[in-house]
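A short write-up of the structure that comes next.
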């Protein structure tokens, strides 16, 4: 059993972005390729959770397994994706990543996993005053809590965190760069992120 594993939530077509964000171009590759490069350098095993409408396209770009949500919970948002990844890879801890944060660094996963300890169910960063539950780490034991929530048709990450013993970590306390957590949700944000990158 791996001690640590990674789960990338690739989703599917994005209505706000106009195309699958996972496959958006970034620094000569794609969002998903960049994220996986950073994750796989820090974690033993990584799996991508993808919507069926883009699964085959994602598989062409990556060298890790690409799976869909467990059929019974398909389309139930991030909780369904996380629990599907937990079922696919057996590990103690899982680092989660959305597919729309292409600035992330392998350093983040090292920092995150250094913060884990058995007394906690989750380690969640607070960046610029906001909780970031999709850039977090979750212990294997959280799986049963997620199933219970999905059975009750509860889908929010906040509902999961309210049931967990969470260690909240302020980004500035662990030398985390706030740029690592920038989400790209629209084409305007995409253009801005590319400009910011070229100005560095």
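Heads up, the Cβ atoms here are built off N, Cα and C, so glycines get one too.
As recorded in Swiss-Prot, the features of this protein are as follows:
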BINDING   9, 10, 11, 21, 69, 100  GTP binding site
BINDING   100  Mg(2+) binding site
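Structure with Swiss-Prot features highlighted.
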residue: 9; record: GTP binding site; Cβ contacts under 8 Å, 6 or more apart: 49, 78, 81, 82, 96, 97, 98, 99, 134
residue: 10; record: GTP binding site; Cβ contacts under 8 Å, 6 or more apart: 20, 22, 32, 48, 49, 50, 51, 54, 58, 66, 99
residue: 11; record: GTP binding site; Cβ contacts under 8 Å, 6 or more apart: 20, 21, 22, 50, 51, 81, 99
residue: 69; record: GTP binding site; Cβ contacts under 8 Å, 6 or more apart: 49, 75, 76, 80, 81, 84
residue: 100; record: GTP binding site; Cβ contacts under 8 Å, 6 or more apart: 14, 17, 21, 22, 31, 183, 184, 185
For GTP, whose listed binding residues are 9, 10, 11, 21, 69, 100, the greatest C-alpha pairwise distance in Å: 18
For residue 9 (GTP binding site), the three-state class that DSSP assigns: strand
